[in-house]
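The structure appears below as structure tokens.
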Amino acid sequence: MDQFLQLVVAGLATGAIYALAAIGFTLVWQTSQTINFAQGEFVMLPAILVLVGTHAGLPVWAAFAVASIAFVLLFGFGFKRFLVEPMQRHGVLPLAIATMALSVLVKEAAKNGFSAEAQPFPSLVPDGMLSLWGAALSARDLAIFVVAVVAIVGLQLFITRTRTGRTMQATAQNPTVARILGIPVERMILLTFLINAMLALVASYLVSPVYLAKFSNGESIGLAAFIAAIVGGFNQIRGALAGGFLIGLIDNLTAAYVSSAYRTAVPLVVLVVVILVKPEGLLGRKEERTV
Amino acid sequence: MIRRLDASLLILLVAFPILWLLPSGLKSYGLYVVSLWLVMSIAAMGLNLTLGYAGLTSLAQGAFLGIGAYATAILTTKAGWPLPAAFLASSALSFAVGVLLGFPALRVKHHYLAFVTLAFTVVVFLVARNEQWLTGGVFGIANIPRPVLFGSDLGAALPFYRLLLCVTLVLALAMWWLLKSPWGRAFLALRENAVRAASLGVDIRAYTLLAFAIGSAYGGAAGSLYAPLVEFIDPAPFALSASFVLLLTVVAGGAGSFFGPFVGAFFSYMLPELLRATGGWYLIIYAAVVLLIVMISPTGLLGLIERWRDHRSQAKAAAARAAAAPTLGAASGETDSLGKGATQ
């Protein structure tokens, strides 16, 4: 029972990180039909940028600040303006393929421009054990969970409670009508890309102390976020949220009870089953499809 | 479409003797690079059928490359099969797995199909890495033999390259024949408008499965040649990114054009080797170049050339119209629209 509780907490912590990446993924899909195959690299890169800063002699806080601003500018604004916008008129697939090329580019740049080895990353939370109902729980896992949930709740409040948030939602649901109603659609789409970059940023700073910062981190995280978004429901934020936690839990429980070698395979099987049985995802809405 | 395919056959038959003679001056590394280009062109040709002609987005070609490579490696090292038998078995196995993977393609399309095939690729990679008794795990399989055919040893770089060239020619001719046959047109119909194709009596189920399976068989065949080419395989070259790169290869070369895979494979597998002199940066340059190609012309490099040719012939037609306009007088408006229709 002890072990099970630990696994659940660890699973929720991993799941929270997946959820952050999956929500960003879902947001940019909703507003601009962008399937971002580079989402995992988006989570990998900020930590690398911070380390580039500290290696260049910046103090830790300054490195964080510079890395965060540079990342959001480049992969929020720049990604939207210079990759998504020119590609969008060609359709969903060419755009998705361009993001695949971007993922290779970012990964190789991190490998050659920084380091091919895993590097330690400064942890924002001290590592230790907390005792809760007789079970020893990792403080770091709990902290990750709490920070991620705060970020997600904040986003949810922004979307549902503020005017800007609601216009953003309207843009996501129906860009044409939103435009007719006088909503600055382009600015709202840009906003979702900025939010996506910020969510990736938070996920990166949370996950890197645990897994170390490495150029190839994006592969597994991107895949998990991807699965989480689709399993939960491609077109719903709460779907991505639920999907993230579900995949995090499955991931950790599989590693402990079934086979650690095949921990990545079980979420994939879940993915295939969901796509075949309920392609709109567990919590998703059905989308109209051209036949 | 058909005329273009005939031209393709001509180019193929002219290119063959050139490619046969060309690399005889190359050192073994140069030969390896050209051989790799041939092998990857075969894999890309298969994906081009699935993606470019039948319009099914597959992120599984890297996995089929792996299935073919492992099947051949296991059959030739552990079971002692000769390479030709292992080649046929690997292709047949990939064909069979391709049929199975094709079933999801009957239910879902576009990006959802990409997701399903992506999952398949990761699972194949995990099996290759974890099932040590079969695949050797991360240590891989070493000493994969090069073939001996009709009593002559094809182990050296040049004879093996020429063998690869012959196999590539045969597979390219088979692809050419397939595309020219009614099957090829059925695949195109599938891509352009599946519902209309069905109403015209094309069996959508069968052709979807076939497009997937034949494309996969080419992937397996390429893998089966890749294994003896590199003589040592481990799971790394068959990871998900390999399937990404193969997809980019087909798209950058020109999806749905006969020589697209060859052009794309040149970019994806030969260019990085040529850029090796730039140190660790060649993959970055490569990725940036591909990104640019995809952004500038989603129909690939050959699409770019085609667009330029269309543009030129349109300009020529416009010039002819302008020259004819004074004599035609009032009828010029009519010829204008006719001329446009003919050049498009």
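For all residues, glycine too, the Cβ spot is worked out from N, Cα and C.
Sequence annotations record features per position, and here TrEMBL assigns transmembrane segment to B:7-23, B:29-49, B:56-75, B:81-103, B:110-128, B:160-179, B:206-226, B:238-271, B:283-305.
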Do the transmembrane segment (B:160-179) and the transmembrane segment (B:7-23) share at least 3 Cβ pairs under 8 Å, sequence separation 6 or more?
yes
Non-local residues, at least 6 beyond the ends, that sit with Cβ under 8 Å of the transmembrane segment (B:29-49):
23, 58, 61, 64-65, 157-158, 160-161, 164-165, 167-168, 171-172, 175, 178-179, 187, 211, 214-219, 221-223, 225-226, 229, 246-247, 249-250, 253, 255-256, 260-262, 264-266, 268-270, 273-274
In contact by Cβ distance (the transmembrane segment (B:81-103), the transmembrane segment (B:206-226); 3 or more pairs under 8 Å)
yes
With the greatest number of Cβ pairs under 8 Å to the transmembrane segment (B:110-128), the stretch among B:7-23, B:238-271, B:283-305 is B:238-271
